[in-house]
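Taking it in order: structure first as structure tokens, then the write-up.
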Amino acid sequence: MLPPSRRDFVSLTLNESSSYTNSKQWRRQSCWRKWKQLSRLQRSLILLALMLLLVCGIVTSPTLIGHWRGGAFGGNRDDGKQSFVVDLKNEYRSILPELPSERKDYRRRGPPVLQNRLQSKTNVSGLWRAENHGLDLNNADKGSERGKPIISWRGAVIVEGQASDTDTKDTENRDDPASLALAESRLEAVREAFRHAWKGYKDYAWGHDELKPISKSYGEWFGLGLTLIDALDTMWILGLKEEFAEAREWVAKELSFDKNVDVNLFESTIRILGGLLSTYHLTRDSMFLDKAKDIGSRLMPAFNTASKIPYSDVNIGKGTAHPPRWTSDSTVAEVTSIQLEFRELSRLTGDPKYQLAVMEVMKQVHKLDGKQDGLVPMFINTNNGLFTHQGIYTLGARADSYYEYLLKQWIQGGKTENELLDDYLQAVEGVKKNLLKKSTPLGLTFVGELSHGHFSPKMDHLVCFLPGTLALGAHYGLPADHMELAKQLIETCYQMYAQMETGLSPEIAHFNMHEGSTKDVDVKMADRHNLLRPETVESLFYLYRFTKDKKYQQWGWEILQNFNKYTRVPTGGYTSINNVCDPAYPSPRDKMESFFLGETLKYFYLLFSEDPNLISLDKYVFNTEAHPLPIWPQAE
């Protein structure tokens with residue numbers, strides 16, 4: 001029989017020996033004896049240290065949890081999916097350039113970002129976005145890490161570290177190597193995005209109006225190569241010489257306006273005429289001016305009305321014009337947002353007919369009844385020249401660029417046309433008096449609409465042109481409170497992006513004004529689409545150019561990242577989407593608007609540039625399609 005070895009072992013290690021034992025009871029007794037042997041001062045210091053460690057653990061635990069939940073598109077914890085994300089990181093590492101490390105102590109000022117991004121959806125959507133849009137997952141995360149939510153309150157999330165604008169500006173030196181490297185990497189990201197969009201257009205829609213990137217086909221509006229013409233000056237500004245050269249060759253050899261086709265006066269003016277004039281000024285290539293003269297003269301029949309208010313549609317082949325089939329009205333924005341282009345055409349050609357035609361429109365609108373504190377209705381009749389559908393006032397669709405062009409014509413002409421300035425200043429006061437409100441609970445300043453005395457808290461994304469326009473006016477000596485209002489409104493426009501699950505703005509937002517509201521922005525089902533619009537990026541550009549506040553660049557970078565996450569099509573191009581509230585499937589619309597290349601990417605590039613002389617705002621004024629036209633020499 002085997003000896004009772006276990007009992008022999010116990011007998012050797014019990015109280016008779018002082019050697020090591022693994023007994024839990026003995027360890028507790030030993031620790032307690034050592035504790036009792038310490039002096040009272042030593043015990044107090046140890047307890048204090050433990051309490052400090054406990055407090056630090058409690059304070060830092062939300063951040064640790066946030067990092068644990070974070071990761072590539074929500075930190076998917078499924079092993080199979082996680083390895084898939086890692087593979088995607090390697091595969092798409094070269095899509096966007098690697099950024100230098102950004103300041104970890106970057107601070108954002110303004111209202112907190114609402115917590116609308118559901119974790120359950122993020123895990124699924126990350127894989128969908130990566131698979132379908134060819135992302136650089138590394139860089140996509142960098143722009144969002146510093147804004148990670150850490151404290152929830154009534155549905156809102158406080159962003160890590162809030163600091164003042166001056167703190168950011170004073171601590172950031174835009175001339176130091178790190179800042180310059182960051183700026184260049186972002187500029188390259190915009191160039192890469194343009195090349196990707198251009199690849200889709202060149203492969204599937206060359207010479208046509210618009211790319212349909214999902215179906216790898218094209219859509220026609222006028223049959224005049226809208227996207228190509230709209231993008232000409234963007235390519236020149238971005239320094240994309242090869243792409244510009246092939247586009248120029250198409251314009252020289254293929255573009256003809258001798259077509260039996262109806263075009264919209266406003267759209268063809270701001271996109272085609274504006275794009276050709278702008279490219280002429282940047283390149284001094286007379287071919288573009290010749291094309292501009294051709295289309296400009298073909299659009300003139302629109303002004304052959306009894307009222308001198310132009311028709312909305314022109315047949316550029318037949319030389320005839322007419323209103324839409326369903327009405328004899330034109331929209332106020334359309335007839336008052338063609339002036340910059342036709343005035344410039346008169347200056348270049350020496351033929352005053354173009355300027356006389358468009359300034360007659362401004363004179364008539366200036367003296368019309370039906371305004372409210374400088375605000376104009378949305379429609380004007382081409383037969384009698386009077387406002388119709390009176391009592392409805394908005395800075396959104398059908399009226400927006402009227403206000404923009406009041407200021408910009410005054411700037412273009414050397415700040416001498418006082419009627420234009422008076423109308424603009426009166427309209428700004430009318431906005432403050434009638435349309436400006438604050439949301440609940442965060443107090444975002446927004447611009448609503450007025451309908452027969454009833455206020456509606458509805459704000460189109462189009463209204464986000466206003467912060468940039470106000471800032472431009474302040475730069476040219478208009479009241480300083482215009483700049484303060486611009487800063488408040490750009491915060492709101494940014495939040496229209498940040499509070500959406502995809503980080504992209506809806507076409508229309510409704511703001512809550514009721515006490516007890518937990519969310520500032522509501523989006524109706526029919527308004528959830530995003531068309532790749534430029535207005536917010538445009539205003540970010542103006543605000544950064546005038547204030548040098550880095551937060552505006554950071555906000556723009558976040559928006560660009562989200563365009564890459566949700567709208568980029570792997571085979572080329574970007575697509576508008578139907579639902580900014582569903583990151584798992586935003587429902588692509590299969591359409592890339594020409595203004596994505598003509599405006600949105602151009603404004604991104606100018607926003608990230610540190611060169612104030614790149615399209616200097618003291619020498620150029622942008623038309624409403626982001627085509628820069630020179631301020632007239634007498635203004636200098």
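Just so it is clear, glycine is given a Cβ too, placed from its N, Cα and C backbone atoms.
What TrEMBL says about this protein:
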- 45-68: transmembrane segment (TRANSMEM)
- Glu267: active site, proton donor (ACT_SITE)
- Asp400: active site (ACT_SITE)
- Cys464-Cys493: disulfide bond (DISULFID)
- Glu507: active site, proton donor (ACT_SITE)
- Glu535: active site (ACT_SITE)
- Thr624: Ca(2+) binding site (BINDING)
Alpha-carbon distance [Glu507 (active site, proton donor); Cys464 (disulfide bond)] in Å: 11
Recorded positions clustered about Glu535 (active site) [Cα within 10 Å; pool: Glu267, Asp400, Cys493, Glu507]: Cys493
Close in space, distant in sequence - the residue listed as 'Ca(2+) binding site', Cβ under 8 Å, 6 or more apart: Ile270, Ser337, Ser401, Glu404, Tyr405, Phe465
Between Glu267 (active site, proton donor) and Asp400 (active site): CA-CA distance (Å): 14
Pairwise Cα distance for Cys493 (disulfide bond)/Glu507 (active site, proton donor) [Å, integer]: 11
Residue pair Glu267 (active site, proton donor), Glu507 (active site, proton donor) - Cα distance, angstrom, rounded: 19
Per-residue Cβ crowding (10 Å cut-off), top of active-site residues Glu267, Glu535: Glu535
For Glu507 (active site, proton donor), the number of other Cβ atoms found within 10 Å of its own Cβ: 20
Neighbouring C-beta atoms (10 Å sphere around the C-beta of Asp400 (active site)): 24
